[in-house]
């Protein structure tokens, strides 16, 4: 039988798949905390300098003239990243997202070649290790470099875990699991803000938000390999074993599952398709470039607003929490529109982008109008 037919026989979103995807969806809370770490860890406490004539040369004389508010600690207050040194906070954030780019580019092909599960487990393990290096760094240089490696592991691992979430279920549930994954990331931002409110020491906060990763890592050994990846690589019998495992978990034990040969030889381990297929077909290349541009614009605006939530007036922790919670209504709306035949994914994307663009223009108009009045 075909793989999609097998999923319908086993259950596209049975009890077993709900547990597997639910676990990976909860992992997004950990991923969100690592992504947003710099928002609170790099926040600037209120401070004053005894004399503005003091030069920022990071020597002992300078540190004696700076007084930070004791409300919370951060890398700013520990390493005096103010004035001419303030750029280092943004540099650490940029290094993280630079690592994110590398991780996404590297981990995708690796998971296609070596399998989803081993690449995911390796990425999560190294993510935890480098995150502890971040929390225990004794100087800024180690902190900044650790953020680069955390970004690589966090981004790559998050990508592979998302693919696993999709490949554990039938096609008709891809929109649901994808939406829930992004929704939980938004919840994770609010959870991080709550932890930051109660934990004001930045090192303790970094350790606390990283420690759940150990639990996720240990439980991840219970995850099976993706049956879709196994089948695509020609490991038909192993794919059947995973489907039988899901069938038992869904209360359909003893279900006969016999997949037809997909035509891929195990000897070379090569897939029938590669990333270069995007260049071969003009229509596919054009659509890919359009989607890449859309993703770039959305990410630029999203992280530009979210990472700067700490710079807004008002309560720091409330602003960070709201930057995540404000996303929650979007996901049920998204799920509603993309599942409707009269709308679908293309029209839903175009509609949301249009609405977002008009909202940005309206906000810019109000901002300029207020400046003119002032």
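Heads up, the Cβ atoms here are built off N, Cα and C, so glycines get one too.
Unlike curated records, TrEMBL annotations are generated automatically.
When the ranges 144-164, 228-248 are checked against TrEMBL, the one recorded as transmembrane segment is 144-164. Between the transmembrane segment (119-138) and the listed ranges 89-107, 144-164, 284-305, 317-338, the one holding the most Cβ pairs under 8 Å is 144-164.
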